[in-house]
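Lifted from Swiss-Prot, the feature list:
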DISULFID  51-276  disulfide bond
DISULFID  129-195  disulfide bond
CARBOHYD  16  N-linked glycosylation site
CARBOHYD  27  N-linked glycosylation site
CARBOHYD  33  N-linked glycosylation site
TOPO_DOM  1-63  topological domain 'Extracellular'
TOPO_DOM  85-95  topological domain 'Cytoplasmic'
TOPO_DOM  117-129  topological domain 'Extracellular'
TOPO_DOM  154-166  topological domain 'Cytoplasmic'
TOPO_DOM  188-207  topological domain 'Extracellular'
TOPO_DOM  229-244  topological domain 'Cytoplasmic'
TOPO_DOM  266-287  topological domain 'Extracellular'
TOPO_DOM  309-336  topological domain 'Cytoplasmic'
TRANSMEM  64-84  transmembrane segment
TRANSMEM  96-116  transmembrane segment
TRANSMEM  130-153  transmembrane segment
TRANSMEM  167-187  transmembrane segment
TRANSMEM  208-228  transmembrane segment
TRANSMEM  245-265  transmembrane segment
TRANSMEM  288-308  transmembrane segment
(Lines of atoms letter the chains of each structure in order from A and count residues from 1; the text may use other names and numbers.)
(Lines give C-alpha, C1' and ligand atoms only; values in the text may rest on other atoms or scores of the structure.)
Protein backbone atom coordinates (compact mmCIF):
# COMPACT_ATOMS: atom_id res chain seq x y z
CA UNK A 1 0.00 0.00 0.00
CA UNK A 2 2.29 2.72 -1.21
CA UNK A 3 4.61 4.00 1.48
CA UNK A 4 2.82 1.86 4.05
CA UNK A 5 4.62 -1.12 2.57
CA UNK A 6 8.11 0.24 2.05
CA UNK A 7 9.62 2.77 4.38
CA UNK A 8 11.87 5.30 2.70
CA UNK A 9 15.16 5.56 4.53
CA UNK A 10 16.85 8.98 4.59
CA UNK A 11 20.57 9.48 4.96
CA UNK A 12 21.76 11.58 7.91
CA UNK A 13 22.86 14.35 5.57
CA UNK A 14 19.44 14.42 3.92
CA UNK A 15 17.68 14.46 7.27
CA UNK A 16 19.85 17.31 8.56
CA UNK A 17 19.49 19.41 5.44
CA UNK A 18 15.75 18.88 5.40
CA UNK A 19 15.51 19.86 9.04
CA UNK A 20 17.62 22.99 8.53
CA UNK A 21 15.67 24.08 5.48
CA UNK A 22 12.38 23.60 7.27
CA UNK A 23 13.54 25.51 10.33
CA UNK A 24 14.86 28.40 8.22
CA UNK A 25 11.62 28.73 6.30
CA UNK A 26 9.54 28.44 9.47
CA UNK A 27 11.54 31.00 11.45
CA UNK A 28 11.83 33.53 8.64
CA UNK A 29 8.16 33.32 7.79
CA UNK A 30 6.53 33.23 11.20
CA UNK A 31 9.22 33.97 13.78
CA UNK A 32 9.92 32.01 16.90
CA UNK A 33 6.72 32.93 18.72
CA UNK A 34 3.90 31.79 16.46
CA UNK A 35 0.20 32.31 16.95
CA UNK A 36 -0.64 28.67 16.22
CA UNK A 37 -1.12 26.44 19.28
CA UNK A 38 1.32 23.60 19.79
CA UNK A 39 -1.45 21.05 19.33
CA UNK A 40 -2.30 22.29 15.83
CA UNK A 41 1.36 22.34 14.87
CA UNK A 42 1.87 18.72 15.98
CA UNK A 43 -1.33 17.60 14.28
CA UNK A 44 -0.31 19.20 10.99
CA UNK A 45 3.09 17.55 11.09
CA UNK A 46 1.51 14.19 11.95
CA UNK A 47 -0.95 14.48 9.07
CA UNK A 48 1.80 15.42 6.62
CA UNK A 49 4.17 12.66 7.75
CA UNK A 50 4.28 9.48 5.67
CA UNK A 51 2.43 6.42 6.97
CA UNK A 52 4.80 3.53 7.68
CA UNK A 53 3.98 -0.09 8.46
CA UNK A 54 6.23 -2.78 9.87
CA UNK A 55 6.32 -5.89 7.70
CA UNK A 56 5.92 -8.98 9.89
CA UNK A 57 7.26 -11.28 7.17
CA UNK A 58 10.66 -9.63 6.74
CA UNK A 59 14.14 -11.11 7.10
CA UNK A 60 13.47 -11.98 10.74
CA UNK A 61 10.70 -14.36 9.60
CA UNK A 62 13.12 -16.58 7.66
CA UNK A 63 13.13 -19.33 10.34
CA UNK A 64 9.33 -19.47 10.09
CA UNK A 65 9.52 -20.01 6.32
CA UNK A 66 12.25 -22.65 6.54
CA UNK A 67 10.65 -24.58 9.41
CA UNK A 68 7.25 -24.57 7.73
CA UNK A 69 8.77 -25.75 4.46
CA UNK A 70 10.65 -28.64 6.08
CA UNK A 71 7.68 -29.78 8.15
CA UNK A 72 5.36 -29.51 5.16
CA UNK A 73 7.63 -31.61 2.95
CA UNK A 74 8.07 -34.29 5.62
CA UNK A 75 4.36 -34.46 6.46
CA UNK A 76 3.23 -34.55 2.82
CA UNK A 77 5.80 -37.22 1.95
CA UNK A 78 4.61 -39.36 4.85
CA UNK A 79 0.97 -39.11 3.78
CA UNK A 80 1.87 -39.95 0.16
CA UNK A 81 3.83 -42.99 1.33
CA UNK A 82 0.88 -44.21 3.38
CA UNK A 83 -1.58 -43.66 0.52
CA UNK A 84 0.54 -45.54 -2.01
CA UNK A 85 1.76 -48.21 0.38
CA UNK A 86 0.68 -51.61 -0.97
CA UNK A 87 -2.16 -53.32 0.88
CA UNK A 88 -2.51 -50.47 3.35
CA UNK A 89 -6.00 -49.59 4.55
CA UNK A 90 -5.76 -45.94 3.45
CA UNK A 91 -6.18 -47.17 -0.12
CA UNK A 92 -9.75 -48.06 0.85
CA UNK A 93 -10.38 -44.42 1.75
CA UNK A 94 -13.10 -42.95 -0.53
CA UNK A 95 -11.55 -40.90 -3.30
CA UNK A 96 -7.99 -41.67 -2.26
CA UNK A 97 -6.53 -40.65 -5.68
CA UNK A 98 -7.90 -37.15 -5.09
CA UNK A 99 -6.51 -37.17 -1.56
CA UNK A 100 -3.11 -38.12 -2.95
CA UNK A 101 -3.27 -35.11 -5.26
CA UNK A 102 -4.02 -32.90 -2.27
CA UNK A 103 -0.85 -34.18 -0.64
CA UNK A 104 1.09 -33.53 -3.85
CA UNK A 105 -0.23 -29.97 -3.97
CA UNK A 106 0.77 -29.41 -0.36
CA UNK A 107 4.25 -30.80 -1.05
CA UNK A 108 4.70 -28.52 -4.08
CA UNK A 109 3.72 -25.51 -2.00
CA UNK A 110 6.18 -26.52 0.72
CA UNK A 111 9.00 -26.79 -1.81
CA UNK A 112 8.58 -23.25 -3.16
CA UNK A 113 8.17 -21.57 0.25
CA UNK A 114 11.96 -20.94 0.58
CA UNK A 115 12.03 -19.40 -2.91
CA UNK A 116 9.66 -16.63 -1.84
CA UNK A 117 11.08 -16.31 1.68
CA UNK A 118 12.91 -13.07 2.55
CA UNK A 119 16.45 -13.12 3.86
CA UNK A 120 17.92 -15.76 1.53
CA UNK A 121 20.12 -13.37 -0.40
CA UNK A 122 19.58 -10.67 -2.99
CA UNK A 123 20.43 -12.56 -6.18
CA UNK A 124 17.05 -14.06 -7.02
CA UNK A 125 15.91 -13.43 -10.57
CA UNK A 126 12.47 -12.31 -11.68
CA UNK A 127 12.01 -15.59 -13.55
CA UNK A 128 12.60 -17.62 -10.39
CA UNK A 129 10.20 -15.41 -8.43
CA UNK A 130 7.53 -15.72 -11.11
CA UNK A 131 7.94 -19.50 -11.09
CA UNK A 132 7.66 -19.50 -7.31
CA UNK A 133 4.40 -17.55 -7.35
CA UNK A 134 3.09 -19.78 -10.16
CA UNK A 135 3.61 -22.95 -8.10
CA UNK A 136 2.56 -21.17 -4.87
CA UNK A 137 -0.89 -20.17 -6.12
CA UNK A 138 -1.25 -23.01 -8.63
CA UNK A 139 -0.95 -25.65 -5.93
CA UNK A 140 -3.38 -23.74 -3.70
CA UNK A 141 -5.94 -23.32 -6.50
CA UNK A 142 -5.67 -27.01 -7.38
CA UNK A 143 -6.15 -28.09 -3.76
CA UNK A 144 -9.25 -25.92 -3.39
CA UNK A 145 -10.76 -27.30 -6.60
CA UNK A 146 -9.90 -30.87 -5.57
CA UNK A 147 -11.66 -30.33 -2.25
CA UNK A 148 -14.71 -29.00 -4.06
CA UNK A 149 -14.83 -32.04 -6.36
CA UNK A 150 -14.24 -34.43 -3.47
CA UNK A 151 -17.10 -32.86 -1.53
CA UNK A 152 -19.46 -32.84 -4.52
CA UNK A 153 -18.73 -36.26 -6.02
CA UNK A 154 -17.86 -38.15 -2.84
CA UNK A 155 -17.77 -41.91 -3.20
CA UNK A 156 -17.99 -41.77 -7.00
CA UNK A 157 -14.31 -40.81 -7.00
CA UNK A 158 -13.27 -44.22 -5.72
CA UNK A 159 -11.13 -46.44 -7.86
CA UNK A 160 -13.24 -48.29 -10.42
CA UNK A 161 -16.46 -46.44 -9.61
CA UNK A 162 -16.63 -44.33 -12.79
CA UNK A 163 -14.00 -45.24 -15.40
CA UNK A 164 -11.94 -42.23 -16.45
CA UNK A 165 -13.59 -39.84 -14.00
CA UNK A 166 -10.56 -39.44 -11.76
CA UNK A 167 -8.20 -38.99 -14.71
CA UNK A 168 -10.48 -36.44 -16.33
CA UNK A 169 -10.82 -34.47 -13.11
CA UNK A 170 -7.07 -34.56 -12.57
CA UNK A 171 -6.29 -33.12 -15.99
CA UNK A 172 -9.10 -30.58 -15.80
CA UNK A 173 -8.40 -29.32 -12.28
CA UNK A 174 -4.65 -28.92 -12.69
CA UNK A 175 -5.17 -27.35 -16.11
CA UNK A 176 -7.61 -24.79 -14.70
CA UNK A 177 -5.27 -24.09 -11.78
CA UNK A 178 -2.40 -23.46 -14.21
CA UNK A 179 -4.52 -21.00 -16.20
CA UNK A 180 -5.57 -19.17 -13.05
CA UNK A 181 -1.92 -18.62 -12.12
CA UNK A 182 -1.05 -16.81 -15.36
CA UNK A 183 -1.97 -13.32 -14.04
CA UNK A 184 0.08 -13.60 -10.85
CA UNK A 185 2.96 -15.17 -12.79
CA UNK A 186 3.09 -12.24 -15.20
CA UNK A 187 2.57 -9.63 -12.45
CA UNK A 188 5.34 -10.84 -10.12
CA UNK A 189 9.08 -10.48 -10.08
CA UNK A 190 12.11 -9.51 -8.02
CA UNK A 191 12.49 -6.08 -6.43
CA UNK A 192 15.41 -5.25 -4.18
CA UNK A 193 16.33 -8.92 -3.99
CA UNK A 194 12.86 -9.90 -2.76
CA UNK A 195 10.14 -11.76 -4.62
CA UNK A 196 7.05 -9.60 -4.70
CA UNK A 197 3.95 -8.72 -6.67
CA UNK A 198 4.54 -5.72 -8.91
CA UNK A 199 1.87 -3.05 -8.59
CA UNK A 200 1.71 -0.69 -11.55
CA UNK A 201 -0.84 0.85 -13.87
CA UNK A 202 0.25 -1.36 -16.77
CA UNK A 203 -0.36 -4.52 -14.74
CA UNK A 204 -3.62 -3.42 -13.16
CA UNK A 205 -5.70 -5.77 -15.32
CA UNK A 206 -3.55 -8.74 -14.30
CA UNK A 207 -3.80 -7.75 -10.64
CA UNK A 208 -7.57 -7.46 -10.90
CA UNK A 209 -7.82 -10.88 -12.57
CA UNK A 210 -5.65 -12.48 -9.88
CA UNK A 211 -7.73 -10.89 -7.13
CA UNK A 212 -10.97 -12.13 -8.69
CA UNK A 213 -9.50 -15.64 -9.00
CA UNK A 214 -8.51 -15.66 -5.32
CA UNK A 215 -11.94 -14.41 -4.26
CA UNK A 216 -13.68 -17.04 -6.37
CA UNK A 217 -11.53 -19.99 -5.27
CA UNK A 218 -10.76 -19.16 -1.65
CA UNK A 219 -13.91 -17.27 -0.63
CA UNK A 220 -16.87 -18.02 -2.89
CA UNK A 221 -16.16 -21.75 -3.38
CA UNK A 222 -16.38 -22.67 0.34
CA UNK A 223 -19.36 -20.37 0.78
CA UNK A 224 -21.03 -22.11 -2.15
CA UNK A 225 -20.36 -25.54 -0.64
CA UNK A 226 -21.81 -24.51 2.71
CA UNK A 227 -24.78 -22.87 0.99
CA UNK A 228 -25.52 -25.93 -1.13
CA UNK A 229 -25.24 -28.18 1.91
CA UNK A 230 -27.66 -26.07 3.93
CA UNK A 231 -30.10 -25.50 1.06
CA UNK A 232 -30.38 -29.17 0.13
CA UNK A 233 -30.81 -30.15 3.75
CA UNK A 234 -33.50 -27.50 4.28
CA UNK A 235 -35.42 -28.49 1.15
CA UNK A 236 -35.00 -32.22 1.75
CA UNK A 237 -33.31 -32.70 -1.62
CA UNK A 238 -30.61 -35.04 -0.40
CA UNK A 239 -27.47 -34.84 1.70
CA UNK A 240 -25.72 -32.27 -0.51
CA UNK A 241 -21.92 -31.89 -0.59
CA UNK A 242 -20.03 -34.36 1.56
CA UNK A 243 -18.90 -32.39 4.61
CA UNK A 244 -15.71 -33.62 6.25
CA UNK A 245 -12.73 -32.47 8.26
CA UNK A 246 -11.02 -31.58 4.97
CA UNK A 247 -13.18 -28.47 4.71
CA UNK A 248 -11.01 -26.97 7.46
CA UNK A 249 -8.46 -26.38 4.68
CA UNK A 250 -10.37 -23.26 3.64
CA UNK A 251 -9.78 -21.72 7.07
CA UNK A 252 -6.17 -21.17 6.05
CA UNK A 253 -6.93 -19.48 2.70
CA UNK A 254 -10.30 -17.77 3.22
CA UNK A 255 -8.77 -14.76 5.09
CA UNK A 256 -6.13 -14.41 2.37
CA UNK A 257 -8.78 -14.08 -0.32
CA UNK A 258 -10.82 -11.55 1.66
CA UNK A 259 -7.88 -9.33 2.67
CA UNK A 260 -6.40 -9.49 -0.83
CA UNK A 261 -9.70 -8.19 -2.20
CA UNK A 262 -9.75 -5.34 0.33
CA UNK A 263 -6.16 -4.42 -0.49
CA UNK A 264 -6.96 -4.27 -4.21
CA UNK A 265 -9.92 -1.98 -3.54
CA UNK A 266 -7.68 0.34 -1.52
CA UNK A 267 -4.95 0.36 -4.16
CA UNK A 268 -7.54 1.09 -6.84
CA UNK A 269 -8.94 3.93 -4.67
CA UNK A 270 -12.36 2.30 -4.74
CA UNK A 271 -12.14 2.06 -0.96
CA UNK A 272 -10.60 4.99 0.88
CA UNK A 273 -8.85 4.59 4.21
CA UNK A 274 -8.63 8.05 5.70
CA UNK A 275 -6.34 7.29 8.63
CA UNK A 276 -2.85 5.89 8.84
CA UNK A 277 -3.98 3.46 11.54
CA UNK A 278 -6.50 1.88 9.17
CA UNK A 279 -3.84 1.41 6.48
CA UNK A 280 -1.43 -0.07 9.01
CA UNK A 281 -4.16 -2.44 10.18
CA UNK A 282 -4.75 -3.61 6.60
CA UNK A 283 -1.03 -4.21 6.11
CA UNK A 284 -0.96 -6.21 9.34
CA UNK A 285 -3.93 -8.29 8.18
CA UNK A 286 -2.19 -8.97 4.87
CA UNK A 287 0.86 -10.32 6.68
CA UNK A 288 -1.19 -12.43 9.09
CA UNK A 289 -3.33 -13.85 6.28
CA UNK A 290 -0.22 -14.76 4.29
CA UNK A 291 1.34 -16.46 7.31
CA UNK A 292 -1.86 -18.44 7.89
CA UNK A 293 -1.95 -19.49 4.24
CA UNK A 294 1.66 -20.68 4.47
CA UNK A 295 0.80 -22.86 7.46
CA UNK A 296 -1.68 -24.83 5.36
CA UNK A 297 1.16 -26.91 3.90
CA UNK A 298 1.71 -28.37 7.38
CA UNK A 299 -1.97 -28.65 8.28
CA UNK A 300 -3.11 -30.29 5.03
CA UNK A 301 -1.25 -33.61 5.56
CA UNK A 302 -2.56 -33.73 9.12
CA UNK A 303 -6.13 -33.19 7.89
CA UNK A 304 -5.65 -35.91 5.27
CA UNK A 305 -4.33 -38.35 7.87
CA UNK A 306 -7.23 -37.62 10.21
CA UNK A 307 -9.78 -37.96 7.41
CA UNK A 308 -8.37 -41.29 6.19
CA UNK A 309 -8.20 -42.64 9.73
CA UNK A 310 -11.83 -41.72 10.42
CA UNK A 311 -13.09 -42.90 7.03
CA UNK A 312 -11.37 -46.28 7.05
CA UNK A 313 -12.37 -46.97 10.65
CA UNK A 314 -16.01 -46.27 9.79
CA UNK A 315 -16.22 -47.81 6.33
CA UNK A 316 -13.78 -50.74 6.54
CA UNK A 317 -16.24 -53.28 8.03
CA UNK A 318 -18.84 -52.58 5.31
CA UNK A 319 -16.55 -52.22 2.28
CA UNK A 320 -15.91 -55.21 -0.01
CA UNK A 321 -12.21 -56.00 -0.02
CA UNK A 322 -10.36 -56.03 -3.35
CA UNK A 323 -9.08 -59.37 -4.64
CA UNK A 324 -5.49 -58.71 -3.63
CA UNK A 325 -6.57 -57.79 -0.13
CA UNK A 326 -8.67 -60.97 0.25
CA UNK A 327 -5.81 -63.26 -0.75
CA UNK A 328 -3.46 -61.34 1.51
CA UNK A 329 -5.79 -61.77 4.49
CA UNK A 330 -6.31 -65.46 3.67
CA UNK A 331 -2.56 -65.98 3.69
CA UNK A 332 -2.27 -64.30 7.06
CA UNK A 333 -5.12 -66.44 8.39
CA UNK A 334 -3.53 -69.71 7.23
CA UNK A 335 -0.23 -68.78 8.88
CA UNK A 336 -1.95 -68.13 12.17
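Think of each number as a place in line: the chain as shown, counted from 1.
Using N, Cα and C of the backbone, Cβ positions are placed for all residues, glycine too.
Taking pairs at least six residues apart, the transmembrane segment (288-308) and the transmembrane segment (208-228) share fewer than three Cβ pairs below 8 Å and do not count as touching.
Around the Cβ of residue 276 (disulfide bond), a 10 Å sphere holds 16 further Cβ atoms from the protein chains shown. Helix, strand and coil content of the topological domain 'Extracellular' (188-207), in residues and according to DSSP, is 4 helix, 8 strand, 8 coil. Secondary structure at residue 276 (disulfide bond), taken from DSSP and collapsed to helix, strand or coil, is helix.
Averaged over the topological domain 'Extracellular' (117-129), the predicted model has a pLDDT of 81. When the disulfide-bonded residues 51, 129, 195 are compared by the number of other C-beta atoms lying within 10 angstroms of their own C-beta, 51 comes out lowest. Long-range neighbours of the topological domain 'Extracellular' (266-287) within the same chain, counting only residues 6 or more positions beyond its ends whose Cβ lies under 8 Å from a Cβ of the stretch, are 1, 4-5, 51, 53, 55-57, 199, 204, 207-208, 255, 259-260. It is 28 Å from the Cα atom of residue 129 (disulfide bond) to that of residue 51 (disulfide bond). A Cβ distance under 8 Å defines the sequence-distant neighbours of the topological domain 'Extracellular' (188-207), meaning residues of its chain 6+ beyond its ends; these are 115-116, 118, 121-126, 128-130, 132-133, 264, 267-268. According to DSSP, the topological domain 'Cytoplasmic' (229-244) comprises 7 helix, 0 strand, 9 coil.
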